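Listed in Swiss-Prot:
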type: TRANSMEM; residues: 66-86; note: transmembrane segment
type: TOPO_DOM; residues: 87-539; note: topological domain 'Extracellular'
type: DISULFID; residues: C113-C282; note: disulfide bond
type: DISULFID; residues: C208-C215; note: disulfide bond
type: DISULFID; residues: C259-C266; note: disulfide bond
type: DISULFID; residues: C371-C456; note: disulfide bond
type: DISULFID; residues: C393-C452; note: disulfide bond
type: DISULFID; residues: C393-C433; note: disulfide bond
type: DISULFID; residues: C397-C448; note: disulfide bond
type: DISULFID; residues: C406-C456; note: disulfide bond
type: DISULFID; residues: C406-C433; note: disulfide bond
type: DISULFID; residues: C408-C422; note: disulfide bond
type: TRANSMEM; residues: 540-560; note: transmembrane segment
type: COMPBIAS; residues: 598-617; note: compositional bias 'Pro residues'
Amino acid sequence: MKGDKREEQGPGPETVAPQQPTEDEEALIEFHRSYRELFQFFCNNTTIHGAIRLVCSKHNRMKTAFWAVLWLCTFGMMYWQFGLLFGEYFSYPVNLNINLNSDKLVFPAVTVCTLNPYRYPEITEQLKELDSITQQTLLDLFKYNASTLEAQPRHRRDVHPPLPHPLQRLRVPPPRLEARRARSSASSVRDNSPEVGRKDWMIGFQLCNQNRSDCFYQRYSSGVDAVREWYRFHYINILSRLSDTSLSREQLGNFIFTCRFNQAFCGDGNYSHFHHPMYGNCYTFNDKNNSSLWMSSMPGINNGLSLTLRTEQNDFIPLLSTVTGARVMVHGQDEPAFMDDGGFNLRPGVETSISMRKESLDRLGGDYGDCTQNGSDVPVKNLYRSKYTQQVCIHSCFQENMVKECGCAYIFYPLPEGVEYCDYRKHNSWGYCYYKLQDAFSSDRLGCFTKCRKPCSVTNYELSAGYSRWPSVTSQDWVFQMLSLQNNYTVSNKRNGVAKLNIYFKELNYKANSESPSVTMVTLLSNLGSQWSLWFGSSVLSVVEMAELLFDLSVITFLMLLRRFRSRYWSPGRGAGGAREVASSPVSALPSRFCPHPTSPSVPQPGPTLPPSLTAPPPAYATLGPCLSQSGSACAPGEP
């Protein structure tokens, strides 16, 4: 019956099992099943030279080993070169580019000082007292009797009270006692009074701290240096009591006889004035306060600044200034004039012609150099209120430490807000503090030279000077006569009373130096590509292939670790067989290939494999296992 029924149905459509998805439909991303398969595929298809030899020579193990070693050595050499290239790039080298430009140039600022510290009427009596005590000291120490002494020396000492820190003769200790003398430097200087004729003594003065618990001697081997420094120390104390309102222009005297720029007269509106404690009255021509900056369109001595200066010192301070003439400095319009650091002296009776050449330098900051653009990132406050320069920062740093350590400001540098200049009437130990601080500053223990970085943009002027006698012997009479009539001033000592100064551009060509990165990112990539092509003869796509290989290796390693983890922790009750089953299931689930590649025709291709959930046997729980009856036969389910 059933057979007839089947015959009636005839050859109908056969029952077909659900078709398994093909390999191309299984997943969007597929990976190789082993390291060997991945490496073989890479060597067969990569564009890197030499990799195919690792597969083609697999039947000759010697060749395989040779090419493997050669490939690894080449790979190592290439990455060694890569390390050198990256090391050079991250050392941030720079190239110095030199350009020669020619154009109209802005004439720099020129500062000229009298070299004659001024005697202000407000402190005349105090300066006379200092001069008198100094003359008495010279008589006591060097038997020098100056003609300015109007009375006997002993009476002079009785009239004027002694100044603090008197100048003394100091005995030079033997070398073996120098360390002991340094430890006991607070001993009285009255014991150090050897005869003048002996050579084992020096000149100096004693300086102590506030409570006189520590003292030292400021000593000099030259008597001239000792007298000048001692006089200078007391002079700036007196000068600190002078108010700024006393520095009026009406008291400056006649210093500049004539002034011309580009053959045109320059007047009061072309210069500004300031006072220097040591160099006297100073005039700055063509500074930032000038109405319009001077321009030089032609080189030569007739197209620059020409000054005729008075160098007589009728009311000079001989114990403070031992030279005569004038001091000049060339600098930028927005830079202060540091006469001690960059100036030089002019001789009386001489025409000094100074030719200039401009030179600029632009440094690279950041990783390429330790420079600052405007000083805003420097931990030192600019006291000069001008453009940042390294000298501005260094002097501001010293003044900052002076105020912090000594409680007062040094008169040579700008006065900070809320601080007064040092005066031993108010700060009796400031000299001790200053000389200690000066020693620490010179040895960079204050850190000023480290804090103050170089500016990224600098403009310098290269100077060269020429000298000639002026005026000549045949022309000096009428020249001095004209100067006397024109300026209503009589030149008493003709040749030592005047000096002439010419400052001009030697040529309008100026050198512009600039730094540029020696190795840029483009250069680095080019060098890396050159090395890659040299050792492997490949391109950027080959680098992508290497990255893909590393990615596949990491994924396969992750899958292997995942299988091991699942076999150990996810199937605890299935025994060794279950562990082997679970461990082998991901392999069967993986695709057989990553992309088509030739295989042997004799090897049968594996068919679609059912997932482990369909082929695995049911779990063997202990309660469902076979039980034996007393007769030894198996019992049916539910049977006791």
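Cβ atoms here come from the backbone N, Cα and C positions, even for glycine.
Among the disulfide-bonded residues C208, C266, C393, the ones whose Cα is located within 10 Å of the Cα of C448 (disulfide bond) are C393. The Cβ of C406 (disulfide bond) has 19 other Cβ atoms within 10 Å, all protein chains considered. When the alpha carbons of C266 (disulfide bond) and C113 (disulfide bond) are compared, the span between them is 18 angstrom. Taking CA atoms as the reference points, C433 (disulfide bond) and C406 (disulfide bond) are 6 Å apart. Cβ neighbour count for C433 (disulfide bond) (all protein chains, 10 Å cutoff from its Cβ): 19. Among the disulfide-bonded residues C282, C397, C422, the ones whose Cα sits within 10 Å of the Cα of C406 (disulfide bond) are C422, in sequence order. Nothing from the disulfide-bonded residues C113, C208, C215, C259 places its Cα within 10 Å of the Cα belonging to C452 (disulfide bond).
The Cβ of C422 has fewer other Cβ atoms within 10 Å than any other of the disulfide-bonded residues C393, C422. Of all Cβ atoms in the shown protein chains, 16 besides its own fall within 10 Å of the Cβ of C215 (disulfide bond). In this structure, the CA atom of C259 (disulfide bond) is 15 Å away from the CA atom of C113 (disulfide bond). Between the CA atoms of C408 (disulfide bond) and C215 (disulfide bond) there is a gap of 20 Å.
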